[in-house]
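In what follows, a single structure is set out as C-alpha cells and then discussed.
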Amino acid sequence: MAGIRVTEVDWQWLRNGAAHHTQEYPSPELVVRRGQMFTLVLELNYPLDNRETLIFTVETGPQASEALHTKAVFQTTELEVRDAWTAVKEAQMENTVTVSLTSPPDAIIGRYLLSARVSSRRKHSNRKLGEFVLLFNPWCPEDDVFLASEDERQEYVLNDNGIIFRGVEKHIQAQGWNFGQFEEDILNICLSILDRSPSYQDDPATDVSCRHDPIYVTRIISAMVNSNNDRGVVQGQWQGKYGGGTSPLHWRGSVAILHKWFKGRFKPVKYGQCWVFAGVMCTVLRCLGIATRVVSNFNSAHDTDRNLSVDKYVDSFGRTLEDLTEDSMWNFHVWNESWFARQDLGPSYNGWQVLDATPQEESEGVFRCGPASVTAIREGDVHLAHDGPFVFAEVNADYVTWLWNEDESRERVYSDTKKIGRCISTKAVGSDSRVDITGLYKYPEGSRKERQVYSKAVRKLFSVEASGRRARVRRIGGRGVWRDDLLEPTTKPSITGKFKVLEPPVLGHDLKLALCLTNLTSRAQRIRVNLSGATILYTRRPVAEILHESHTVRLGPEEEKKIPIKISYSQYKEDLTEDKKILLAAMCLVTKGDKLLVEKDITLEDFITIKVLGPAMVGVAVVVEVMVVNPLLERVEDCMLMVEGSGLLQGQLNIDVRSLEPQERALVQFNITPSKSGPRQLQVDLVSSHFSDIKGFVIIHVATAK
C-alpha cells in the first residue's frame, strides 16, 4: 500500500480572511497575520490513525534555517503553544482533517512556503502545500505593532484612502490620496521593496531574519521609498523642472507609482516631493500591517548643521541669499507616523514613531529618517535612536534672520523666531476633518515646560558641560554661530508690521494687499520700506522676482499707516509654479537703526466642486457632476478631467472638457460603477497646460447591493 499523504489543501480564504482582516487583498495566496490562528482543511489519500500526526514545515527567504527563525518544523498537538509555531488538529472526518496553525506574535513577516508530511513517513516525503503571506498584526496584543482601538485600526491599517494637508499655515488645504494597499499586485510589490534593499542584496538570510522587528522593517522602507542610495521607488526633484517624468503634483495616489516602479524593473519613478514619499510609505506600511498615518508640519525646519537654528540670510529687500543660506524653512513638510513598541528604548517611548522617506539628510550613511519616538521628541530626548535631533529641529528650531551687508558684515534682524513647527496636522479617525497634533510633539509655545525641554535638547545636542563652556557649531560655509547667540532674543524694534490681504488671493486674478505699519513710540519716525515679492516652491525657494519697490514712510506718534500693494496677474502668471505660492517680504529700516523683516506666504486659491447625484451602491452606475471654473482671464481650450478612485472605477478616467471662456463655469457629468462598499474617495483634477492642476475630492459612502 502506498504511504499516507496530503492530496489537497483548502486554504479557507473567506473564513481566514474575515478573521485576519485580510479579505480585501486580491492575492493568489492566503494572507494572514502573525500571532493568530488560521485554519486549513487537508484531504489525505487515507485516514490518519490515532498514532499518527501531521508534521508541518514553514520557511521564508533563501537559506531558511531554524537557527535564524526563518524555518520552523512542528507537529499537530492538542494545545496551542504561545511564542512558537503550533498546529492543532480540530476535526477529522474520514480522509479530511481540519487543522489550525498559529504563528508566534514575533514571527518574521513575508512570504512562506508550507509543507507537510505524516509522522509515519520519512522526511523526504514532505509535500509542498503552497505559499502564504504573513503580516504584522495590530489586532494581536502580543505583537509589537498592537493598537488597542478598533476605530484606529480601521483608519490606520484598513483605510485605503486618505487626506494629505498642504498649503501654508494660515491657509491649509486638503488633498485626497489613494493609498490603494489592497489593489492588484500591491502586496507583492511591497514585499519586493524589502527584497530590493541593499541589506537584502548584501546578506539575504540575515536581512530576512530581522523582519520580525517593526523598527528594522520601517527603517528599511524609509530608505527604499526614495532612490538616493539604491534603486528605490521614487526619485525626488525640487527644482521645479520635471522633464522626463511626472510632476509631483500630478500624482493622485501610490498605486500608479508602485506599479510603474515594479513594471519598469525597479527603475526609480520620476518625480516625488515630500507628500509623495509619505503617501507611498503609508501604502507600504499599511499593506504590511503596521498602523501608519500621514502627518504635515507647517513651517518645517531643515536644519543642516544641527544647531537648532534655521539661519536665513537676506539682502536689504528681504530677499533670501541662496548661496549663503544652507538651512531652510519649508511652507510645509510631510512625513509618516507608525504605531509600534520600542523594545530598544523602553515602554515609555512606545506608540507613534516618526518615519520620513524624503531624502533630506543622511542617517548612518543612508538617506532615511526614523523611527524617532514622538514622545522622545516632546520630552527633548534627542539622543535616542533614530534621528531625534533632525526631527526635533523640524518642529522646534528657532527662525533667525540675518541682514548680509555689502561689506560682508551681518546683523540680526528682528523677525518671528517662533514660527517653526505650527499646525502639525493629520486626518481625523473616521472623518475628513483635520486634527491638530502639535501637542504630541511639543509643550505649548513659550510655556516653562517647553523652554525646559528646549534647553535639555540643546544640552544633549551640544554636550555642554556643567562648567558652562560654550560649544561652537561650525557651519559648512565657514561662518560659526555661538550657541549662546541662538538663545539671545533681539531687541524689539520701535515699529510693528503686518501684511494684510484685502481680497482673497485667487489664481488668475490680481493680488491686492496692504503692508500695515504701526509706530510703537510717542515720537515721529521715518521708515524706509524695501518691498520684494517672488514666486516660490513649497520649500520657499524663490523662482522669479515679481515685485521690487521702495517707499519712505513718515509715522507720527503711535500712528498706523497702510502701504497698498498690487501684483497684477500678468506680473506673476509666467513664473508661478505648480505650488501656486508667492512670498512677500518687507525690510523696514527705521532711522535710528532698528530693522524689522515682515514676511507673508500666499497660496493662490482655485475652485472645483463634486456632487454625487443619487445613492451609491455596489454594481450600480451612479452619476457624478463636477463644476469647474476657468480661473484665467483668457479662453482655454485644452482642459481635461482626470478621475480616480479605488473601489469606484477601474484605473483612471480621462474626460475632455469643452473650451472655456474667461472665468466661465461649466458642469461635467459622468458615470461611475462602484465595485467595493464602505467609504470611498473619488478624486477629480482639472488639468490644462495653461494653469496648475486644480484638485478636488469627495468621499462617497457605497452601500452593498440589496
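Heads up, the Cβ atoms here are built off N, Cα and C, so glycines get one too.
Please treat TrEMBL annotations as automatic predictions, because they have not gone through curation.
Pulled from TrEMBL, these are the features on record:
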DOMAIN    266-359  domain 'Transglutaminase-like'
ACT_SITE  CYS274  active site
ACT_SITE  HIS333  active site
ACT_SITE  ASP356  active site
BINDING   ASN396, ASP398, GLU445, GLU450  Ca(2+) binding site
Are there recorded positions among CYS274, ASN396, GLU445, GLU450 that sit within 10 Å of ASP356 (active site), Cα to Cα? If so, list them; otherwise say none. CYS274
Name them in sequence order: residues not among ASN396, ASP398, GLU445, GLU450 whose Cβ is within 8 Å of the mean position of the Cβ atoms defining the Ca(2+) site. LYS418, ILE420, GLY421, LYS442, GLY446, ARG451, TYR454
Restricting to the recorded positions CYS274, ASN396, ASP398, GLU445, GLU450, which ones have a CA within 10 Å of the CA of HIS333 (active site)? CYS274
Tell me the Cα distance separating CYS274 (active site) from ASN396 (Ca(2+) binding site), rounded to the nearest angstrom. 19
Tell me the Cβ neighbour count for ASP356 (active site), meaning other Cβ atoms within 10 Å of its Cβ, over all protein chains shown. 31
Please report the Cα separation of GLU450 (Ca(2+) binding site) and CYS274 (active site) in Å, rounded to an integer. 28
Return the average pLDDT for the domain 'Transglutaminase-like' (266-359) as a whole number. 96
Cβ neighbour count within 10 Å, max among the binding-site residues ASN396, ASP398, GLU450, goes to ASN396
Can you grab the distance from CYS274 (active site) over to ASP398 (Ca(2+) binding site)? Cα atoms, rounded to a whole Å. 22
Number of other Cβ atoms within 10 Å of the Cβ of GLU445 (Ca(2+) binding site) across all protein chains: 14
Cβ neighbour count (within 10 Å, all chains shown) around HIS333 (active site): 25
